[in-house]
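What follows is a set of notes on a single structure, which appears directly below.
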Amino acid sequence: MIPTFTALLCLGLSLGPRTHMQAGPLPKPTLWAEPGSVISWGNSVTIWCQGTLEAREYRLDKEESPAPWDRQNPLEPKNKARFSIPSMTEDYAGRYRCYYRSPVGWSQPSDPLELVMTGAYSKPTLSALPSPLVTSGKSVTLLCQSRSPMDTFLLIKERAAHPLLHLRSEHGAQQHQAEFPMSPVTSVHGGTYRCFSSHGFSHYLLSHPSDPLELIVSGSLEDPRPSPTRSVSTAAGPEDQPLMPTGSVPHSGLRRHWEVLIGVLVVSILLLSLLLFLLLQHWRQGKHRTLAQRQADFQRPPGAAEPEPKDGGLQRRSSPAADVQGENFCAAVKNTQPEDGVEMDTRQSPHDEDPQAVTYAKVKHSRPRREMASPPSPLSGEFLDTKDRQAEEDRQMDTEAAASEAPQDVTYAQLHSFTLRQKATEPPPSQEGASPAEPSVYATLAIH
């Protein structure tokens, strides 16, 4: 018995503080309308009330109407309720508040929501004095006029945080009107405006909206902080609201824009510098190559032939078309003993004394056999001194060869020389009685 009593006492002590804390005032809900609080006659509107997850019921009250005006169960996840108005009429215009009920009681009332209906009266006219195009820092006045005896006017700026501005009308003229001065004008004042007219005893019923007026602000981007607009010639009601927020003009977007422009400019300059550097390097390399080529051409004597190969033996070069066009070979004749199977018939131009004489050599060859030695031939005629290299660098030989279709190939070689040294050699003493042999020409033949 005693342990049971002790357990119940501890449970009561532990639940006591919690119950005491929850019994306090609940936070007030949030109330708003979609698509907005200013609704044209005949259009639908939805009122939302949002509380906490512990809410069990939501209630909507309308001023000057029996309470509660409507009750709704919460929607999942049970933190808000919806109140629908299918068609807006004069009966729905007014001021609303909402509550929600939790297990511990009802919450505090929400902030008021003013539901305004337009289209109850004829539309007024809206104009700008002196002009809808105003320079930043100057003053401008928006004038709303009505032909009907209206005493309340409202000015609305589209997409503004606080769209409504209530002002009383000015009496003493045939046309009732209200002035909305703006001084000094800044960039935040620019935009599209409309005005409404109504009676003071029911300012939730408005006229049709006026034609839109576009206010254009030109000049410097940095403007002073706008001051709240008030009518000088009218008395403001307690429901007056500022036309625009009175905070400082935000410049974060402009600063970000300048930062982007500066970054793009820096990147462009870097890319241009890199391109100029590459072009300069390419121009310098081309200039060095041109100078090196000119120096090489200057060191080589004009008309000098390519240096002849030092190897004077028989050189054979094979190609894939060798079986069809015959063998291509280079033969250097340096002694008086031609290779086996080669018969050379030389014919010299009649102008032997011409330094640029042309000599044709008919070469009849067969497969050379390197293991057999040919008999020595007599040495006579003119020959080229091969020991003097510097004197023979002026010699150039162009050869043209044509493959013959006969079983034995016949090749003609054209010898074009710039400087020829002719030397006549006397026959050996053992051949004085023999008939003189034809002169021989020793040259390097390159047959392609």
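Cβ coordinates are placed from backbone N, Cα and C, and glycine is handled just like the others.
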In Swiss-Prot, C144 sits in a disulfide bond; tell me which of C49, C195 is on the other end. C195
Feature phosphoserine, as given in Swiss-Prot - residue among S65, S148, S319: S319
Determine, on the basis of Swiss-Prot, the cysteine among C10, C98 paired with C49 in a disulphide. C98
Lowest 10 Å Cβ neighbour count of the recorded sites W106, Y121 is held by W106
Students should find that the Cα atoms of Y121 (site 'Required for APOE-mediated activation of LILRB4') and W106 (site 'Required for APOE-mediated activation of LILRB4') sit apart, in Å rounded to an integer, by 40
P35 (site 'Required for APOE-mediated activation of LILRB4') in three-state DSSP notation: coil
Near P35 (site 'Required for APOE-mediated activation of LILRB4'), which residues of its own chain have a C-beta under 8 A away, given they sit six or more steps off in sequence? V45
When pLDDT is averaged across the domain 'Ig-like C2-type 2' (124-218), the result is 85
